[in-house]
């Protein structure tokens, strides 16, 4: 059947919009790289930059071969737990998905491993990164995607059999992306243990600040820029009009989503700024950057279904959640160099709860039923929508905690037992750049002149010590 020119133009515009969003999300990899590099010590900068590249290239192959199929595979053998078709993009394009959709979802998949890499930075063997990145991007994360974002998933708000009559609303992935990466990072950091010198003999924390605030701020703004593809781009299509209106469609919801994203991140940044000033006695740029990102992580779940004023509430409490989890982590001697577990885990879980409390009925129907009249769905508890949605949100949190723990926990433990997870203490003290990557990231290294400058010097030092 011949397609009308109007439909061709609509499809073309929607494809361009999705591809542009995919490019924005991919820019977040650069943001992660800059943020991670600035947040670690100079002697580990090259290592953390390389792990960000590895997350992208290894994740690309694993998501192409298996991940997309496990996430979105449908057909006669489809089931609520895992996809069973489209391996290595066989039969793509299909009636449901095309190459642009794959590219957009791939950009999400490689972001998950980036979250985990931050939690285990400065003390992990490079070979371990290759293993966990492939497994996380190719299997663990895609299964959760299938549950929540596939039309056949058991948690999906678009499935035929809605959990509690609602399904879990995790529009752009506070749980699917951020909580998954955070729980994986938690187990990695817990099994590895803290960095050498992070806590003294009495268990008190010793500051280990990142070496470059400029890179941290640059990375934060790049991530902010990319989040406009992450959240608004998750609509997939921009040219979808809502019935019974003359001027509203996905384009208006996309604009609102960009606004709620901005407001949540900005509010969290302001609250973090003043709260940390009260706690530590000075204005800290690095803390503010993490606060901004915590607001973005939290709003990612409900960005499309809440009012702008609710986004301010989301950001306010996201900052408090982040600060609270950071304090708890120090008391428990838990070492996460980028605060990734606290930020993406704590704020991601809060974002899911927030959506269950503040989702607006009109917006929920617009996003998941294209504004169809006569549709009744559960919405935010505090908005009068009952317990169905908040119940589904809590279930999502619990199953993600369980699934990632039973998959990534044993993997990290096995790597630990095989002695391929953590680097030797002497290599960690010297720095991963010189011990594993042939030299430092910077030609001038004044802060650490007592350390060897080149790999050959490092090897001679090792021989003398032996």
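Quick reminder: no glycine exception, Cβ is built from N, Cα and C everywhere.
Quantities reported herein were computed from a predicted structural model and do not represent experimental measurements.
Per TrEMBL, transmembrane segment is recorded for 16-37 (among others). Residues 45, 48-49, 51-53, 55-56, 100-101, 103-104, 106-108, 110-111, 114, 117-118, 121, 212, 215-216, 218-230, 232-234, 236-238, 289, 338, 441 of the same chain lie 6 or more positions beyond the ends of the transmembrane segment (16-37) yet place their CB under 8 Å from a CB of it.
Annotated domain 'Ammonium transporter AmtB-like' per TrEMBL: 17-442, in sequence order.
The transmembrane segment annotation in TrEMBL covers 49-72 (among others). Panel annotation: around the transmembrane segment (49-72), residues 29, 32-33, 36-37, 82-89, 96-97, 102, 105-106, 109-110, 112-114, 117, 121, 126, 129-130, 133-135, 137-139, 141-143, 145-146, 149-150, 437, 441 of the same chain, lying at least six beyond its termini, place a Cβ under 8 Å from a Cβ of the stretch.
Annotation comment: TrEMBL describes 103-121 (among others) as transmembrane segment. When Cβ-Cβ distances below 8 Å are used as the criterion, the transmembrane segment (103-121) is approached by residues 18-19, 21-22, 25-26, 28-29, 32, 36, 39-40, 44, 47-48, 51-52, 55-56, 58-60, 63-64, 67-68, 71-72, 128-129, 132-133, 136-137, 141-142, 145, 173, 177-178, 180-182, 184-186, 188-189, 192, 229-230, 233, 236, 336-338, 340-341, 344 of the same chain, each at least six residues removed from its ends.
Counting same-chain residues at least six beyond the ends of the transmembrane segment (128-149), those with a Cβ under 8 angstroms from any Cβ of the stretch are 51, 54-55, 58-59, 61-63, 65-73, 80-83, 105, 109-110, 112-113, 116-117, 120, 155-156, 168, 170, 175-177, 180-181, 184, 188, 396, 399-400, 403-404, 407-408, 411-412, 415, 420-421. The transmembrane segment annotation in TrEMBL covers 128-149 (among others).
The transmembrane segment annotation in TrEMBL covers 169-191 (among others).
TrEMBL lists 212-230 (among others) with the feature transmembrane segment. Sequence-distant neighbours of the transmembrane segment (212-230) (same chain, 6+ residues past either end, Cβ-Cβ under 8 Å): 20-28, 30-39, 42, 45, 107-108, 172-173, 258, 261, 265, 285-286, 289, 292-293, 296, 300.
Sequence-distant contacts of the transmembrane segment (309-330) (same chain, at least 6 residues past either end, Cβ-Cβ under 8 Å): 205, 259-261, 263-269, 271-272, 275-276, 279, 290-291, 294-295, 297-299, 302-303, 336, 339, 341-343, 345-347, 350-351, 354, 358, 360. Positions annotated as transmembrane segment by TrEMBL: 309-330 (among others).
Tertiary neighbourhood of the transmembrane segment (379-404): same-chain residues 140, 143-144, 147-148, 155, 163-170, 175-176, 179-180, 183-184, 187, 301, 305-306, 349, 352-353, 355-361, 364, selected by CB-CB distance under 8 Å and a gap of 6+ residues from either end. Residues annotated as transmembrane segment in TrEMBL: 379-404 (among others).
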